[in-house]
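Since the structure comes first, as structure tokens, the remarks are kept for the end.
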Amino acid sequence: MHGNSEMQKINQTSAMPEKTDVHWSGRFSVAPMLDWTDRHCRYFLRLLSRNTLLYTEMVTTGAIIHGKGDYLAYSEEEHPVALQLGGSDPAALAQCAKLAEARGYDEINLNVGCPSDRVQNGMFGACLMGNAQLVADCVKAMRDVVSIPVTVKTRIGIDDQDSYEFLCDFINTVSGKGECEMFIIHARKAWLSGLSPKENREIPPLDYPRVYQLKRDFPHLTMSINGGIKSLEEAKAHLQHMDGVMVGREAYQNPGILAAVDREIFGSSDTDADPVAVVRAMYPYIERELSQGTYLGHITRHMLGLFQGIPGARQWRRYLSENAHKAGADINVLEHALKLVADKR
């Protein structure tokens, strides 16, 4: 799928090459989020920021190798885009990494941070933190077969294995034996039992200073920080200590914060994306998807928070929530919802 003129108009910049270097884009990224960062969401977020590195939802190696659907599908406009893999079999991960590189992904990320039960049962996610050698083997197997970056997203500890020494040993093993050069650190530990994934994102306390210390102790590694970051001001404060910042829920629930990322984080001279123009720039994509059988609500559910903090935001959200799922719903639903915002502006 190729870019449309609306998208090019919004994302015009002379400072960055057409396919942004992933190391540069890693200064600011949107986290992989299950059920949220699907291809429709990523297309939408790309209209708000040209440079932000976007991540897929976690995709398991089993789904890619044995699944019937195309779990690697994405639009060319999404670049730079990284694939997050879930798995713990080095050979299967290597196979999937090769497929992903052939499809044009800019980075492969291994999930060593998700604490959900269904993930643990498949022996991947945060439970892998307890087996640093296996994580190293997985990363090395992927690095041996691809030339794009292979990164690891992890936590600062699991259960009672939460000492700084444990974290350093993990990073040491995965960077040394696994040759991993880039880590994204969620600044909380994970409880592998007793807490839901949602609770694991909220209850374990954030420890940003520990992540800063990790970067100081491993200056040769590229490290991004993740967890509880709610504004670009906070992101810029973290960038005083870290190579990159990854934002999760806030970028999804209040995507308008991405509109200023290119200027504030990447130094672009472009004007910030206008939310109304972004909605209308979605129309060609939406019409193409509708013609292929996608329901409007599957796309617009990612756009509900766009006008957060702007008069009319509640009416926008409510109208889309009540009408986008109806049979025959098309871009007229969005046009009507936009009028509700415009009337309040």
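The first residue you see is number 1, and the count goes up from there.
Each residue, glycine too, has its Cβ placed from N, Cα and C.
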Annotated companion of P32, M33, L34, Q84, K153, N226, G227, G228, G248, R249 at the FMN site, Swiss-Prot, chosen from H186, H298, H302, H325: H186
Diameter of the FMN binding set by C-alpha atoms, the set being P32, M33, L34, Q84, K153, H186, N226, G227, G228, G248, R249, in angstrom: 20
Entry from the recorded positions list K153, K198, R201, R249, R314 having the most other CB atoms no farther than 10 A: K153
Reduced DSSP assignment, R249 (FMN binding site): helix
Cα-to-Cα gap, R249 (FMN binding site) vs R317 (site 'Interacts with tRNA'), nearest whole Å: 17
Under 8 Å by Cβ from R317 (site 'Interacts with tRNA'), counting only residues of that chain that are 6 or more apart: L304, G305, F307
In three-state DSSP terms, the structure that C114 (active site, proton donor) belongs to: coil
